[in-house]
Amino acid sequence: MQTPKRRRGAQGCPRSSPSPPLLLLVGAVWFCAALSVAAGSFELTILHTNDVHARVEQTSRDSGKCTGQDCYGGVARRATKIRELRANHSHVLLLDAGDQYQGTIWFSFFKGREVVKFMNSLGYDAMALGNHEFDNGLAGLLDPLLKHANFPILSANIRPKGSIASNISGYILPYKIINVGSEKVGIIGYTTKETPVLSNPGPYLEFRDEVEELQKHANKLTTLGVNKIIALGHSGFFEDQRIARKVKGVDVVVGGHTNTFLYTGSPPSTEVAAGNYPFMVKSDDGRQVPVVQAYAFGKYLGYLNVIFDDKGNVIKSSGNPILLNKNISEDQDVKAEVNKMKIQLHNYSSQEIGKTIVYLNGTTQACRFHECNLGNLICDAVIYNNVRHPDYNEWNHVSMCIVNGGGIRSPIDERANNGTITLEELTAVLPFGGTFDLLQIKGCALKQAFEHSVHRHGQGMGELLQVSGIKVVYDLSRKPGSRVVSLNVLCTECRVPTYVPLEKEKTYKLLLPSFLAGGGDGYHMLKGDSSNHSSGNLDISIVGDYIKRMGKVFPAVEGRVIFSAGTLFQAQLFLTWGLCISLLYFIL
């Protein structure tokens, strides 16, 4: 545990030392003030996680599969740090702000049993529901999580409708009062109201405005004599701040959904801080409310110390997310349980998903240089996974997908094993354990992304975008940055989907790998505003489910990515050079 550093005085010209009487007076004032604070104060330590996304095992620096020595997170390592902090602090709460579900093969196989097992083992005190907890429908939430959790699961803004209310009565609570030492702490949960678009909660749950519902329950807690209230939820950093400003009575906001990294000082790893930790928000009634998130994927453990006065006002808050790196050992008992469950994954990975009757070309020579049919299959699967809830204005809320060619790591041969596709083969195609996320982006930024896609085309570097719902024409004879000749996108606000020219000032929804959403492969223009970025499902789960549903697949090269005739000769020259580079890549 790091002790927060004291702020030093400003550096400048030497100052004369205060006289002894003045020092005594100042010391007396500070001593009396300290006594008055200590007399009625209560210190609470809040440990928190959010957006863990089924990272049961330790992961790489970028939260993919860990294959080397530089590994992070995992439930066993988190258990060690939690045990240490509980031993060193008197009043500790361990909270989760949602999206434990979805993200690795662990969830694909165990379907949440791994979540409830290890959250129970680590002794969580409360959890707010995230949108991904509904990915397997209400039934997949009810069993295993709701029925087997040893901790309260919260959301104040979810209202059941009709007969479903009796099925979940008592399982999803709006709030919970927890006795911490001699004090009562109220925790109110909330879930993004966009869940019906982002997941599969079904038609019988209503997701209401977070602020309105939180205020109702904060008022109720106040009437019950609770003056220390935490809002714990999953609606994103922007909404977390709105809650801090608007909801009277809420003292601390612990959030999730946008994978926001907050940190005071120099960050310990590759994440760039979106602000200080805690992020202080001035409420409309004049209070300073700390808002926190702890990035995602279990890489960090949020660590917030809050001091309340005897009236429940926050008088001090401090801390930082703790990087769970190799300097923290893994708890051996928890690790043994992880290894025991991991044995069951072996047979799962060899199961048949479906068949292909064509060669699924995921080679470097294909996907990094021109349109490839495996890239088309992947993006078509992602669009299919996100087709839901048409309305009068739109046939779907999103129509476009991109994936970088460098993220496609292997072909699948239709002549091997009679065209059978196994989970192991699909994992070889998409080995990084990433997700396909939803992003809102301006047309001008999307245009920049496609310029970046070919800014050094021919070098086999992996930036070339494979697409669905997009048609792009390039001219490689032009200078980098001006090579996009035309860019058409599939309309959503239409009854018959057709391709229309991209509008630079229009805001679009785009599906893309989490790697690109984080600015990977130089796509900094896609990183954008984290408040408009929603984490999605595991890539192999999306593609695997699509292949299962189709039974047999036969994706084609369809002219989604075209190089104009004037540049074909130039492209061939680049390709020859690129093949040499690719060979070196695989050798090294």
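The backbone N, Cα and C atoms fix where each Cβ goes, glycine too.
Over in Swiss-Prot, the protein carries these features:
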- D51, D99, N131, H234, H257: Zn(2+) 2 binding site (BINDING)
- R368, N404, R409, F432, F515, D521: AMP binding site (BINDING)
- C66-C71: disulfide bond (DISULFID)
- C367-C372: disulfide bond (DISULFID)
- C379-C401: disulfide bond (DISULFID)
- C491-C494: disulfide bond (DISULFID)
- N88: N-linked glycosylation site (CARBOHYD)
- N167: N-linked glycosylation site (CARBOHYD)
- N327: N-linked glycosylation site (CARBOHYD)
- N347: N-linked glycosylation site (CARBOHYD)
- N361: N-linked glycosylation site (CARBOHYD)
- N418: N-linked glycosylation site (CARBOHYD)
- N532: N-linked glycosylation site (CARBOHYD)
- S564: GPI-anchor amidated serine (LIPID)
- 1-40: signal peptide (SIGNAL)
- H132: site 'Transition state stabilizer' (SITE)
- D135: site 'Transition state stabilizer' (SITE)
Residue from D99, N404, F515, D521 whose C-alpha is spatially nearest that of C66 (disulfide bond), among the binding-site residues: F515
Those recorded positions listed as N131, N327, N347, N532, S564, and which of them has the most Cβ atoms within 10 Å of its own Cβ: N131
Neighbouring C-beta atoms (10 Å sphere around the C-beta of H234 (Zn(2+) 2 binding site)): 30
Binding-site residues (F432, F515), the one with most neighbouring Cβ atoms at 10 Å: F515
Non-site residues, in chain order, whose CB comes within 8 A of the mean position of the CB atoms of D51, D99, N131, H234, H257 at Zn(2+) 2: N50, A97, G98, G130, H132, T192, G256, S535
CB contacts for D135 (site 'Transition state stabilizer') [other CB atoms within 10 A, all chains]: 23
For D99 (Zn(2+) 2 binding site), the number of other Cβ atoms found within 10 Å of its own Cβ: 30
Entries of N88, H132, N167, F432 which, being recorded positions, have CA atoms within 10 angstroms of D99 (Zn(2+) 2 binding site): H132
Sparsest-packed of the listed glycosylation sites (N88, N361) - C-beta count within 10 angstroms: N88
